[in-house]
């Protein structure tokens, strides 16, 4: 540590005990390169000091820390000893910068005076006092620096702790969020598991209920079937002895032909002039109903679904009588069309179509007359009607169609269409009523109608019998022979032998393909290999 004399000596310039007694500057002997004047040294007035008796000052006890600091500074080594000669110099150079080393100055005259005048004690006291003040300032500055360092360390430590606390809280928040997310995921998984279990349980219960319902329905059908067979047995003698009245059949045929004309006059044409809202409603329903028949499968579940949808669509039109009959007529046409297109190539499809048709016939009684009229128009064999086809009118009455070239369709196409329609009719006659209608409604197309068809064809004049008659008999056999035997027993067996053996023998010379197939079916039955359409699945 270095001290600048101007700081030491000039610190108390205002003290009355000091005055300027000498000047150490010399313009001739100064070797200082700076043009600035050298500072003056203010010393106590020797005249006053010399005459004034020094007062013994009390000993100052320093703080141990300060005393150690002073000892470390070794100030004694930095002061000029009293008895050491001082190299003469023309002037004392005191640098303005406190960072520059203090050059040695020559004060031989001053020291000599100090020695001689015994005035060194006050000077030393002044120096010591000034030095103590400087040291106190240094101590205070050091204390402030230490305090500042401690404060900085405290702030740094607080900041570190704050960051650590924030990091800890952040990690805790993240962990908490993760735990909450995990709990939420587990909760969702548990809810999903419970939902699936509930759905599976509900589906199982529903299947069990449906199974029980089907079993109960089958049991009731078996009981009703027995009762129905008992009633049929009472009628079989009358039916066996009945004589075919072709005049009555002809009147029935023309009745349904007239019904077709009436439908056109009273239902179809008026709808074209009806309110636009009604026409729009029917148009929408028509587009919805058309594909329903093609969606039928061998599944009862699918059948029930389509039944409900069609029932709802029909009920929507009940508010308007004209619209209601129009939609029923449209459904009758659609069913017959499905029979002559789909059933002709896939006869077993007649079973779901027949079940749907029977349900609609019972649910909407107004449909029965409309449906029968459409059947007779397309296939008069359903009532046992036959006429000559060597005329234009005769072919039209028997349901022949013209192709795109305005020519009559070929025999194969005609036979297939008739077989498809009669398969549907035979299925309807041998089906039991839906469970909900058994006790309240009679069968609209009972199995007795199948007896009528067979008996009337057997009684038809041989000159009117064609291959088509044998084709439709074969279609009927596939669809209803098993149930016919169950219904009429021994009388049914006699009638089957009549059409399968005697009628085919009478027409043997014609070599009809349909007759040959009918004999094959007869032989299969006689060999206990009679087959029927497979029952529908649940």
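Residue 1 is the first one shown; counting continues down the chain.
Note that Cβ sites are derived from N, Cα and C of the backbone, with glycine treated the same way.
Swiss-Prot annotations:
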REGION    9-39  region 'Disordered'
COMPBIAS  21-33  compositional bias 'Low complexity'
REGION    151-226  region 'Disordered'
MOTIF     154-170  motif 'Bipartite nuclear localization signal 1'
REGION    257-538  region 'Interactions with NUP42, DBP5 and GFD1'
MOTIF     272-288  motif 'Bipartite nuclear localization signal 2'
Mean of the pLDDT scores, which run from 0 to 100, over the motif 'Bipartite nuclear localization signal 2' (272-288): 90
Secondary structure tally of the region 'Disordered' (151-226) (DSSP, helix then strand then coil): 76 helix, 0 strand, 0 coil
For the motif 'Bipartite nuclear localization signal 2' (272-288), residues assigned helix / strand / coil by DSSP: 14 helix, 0 strand, 3 coil
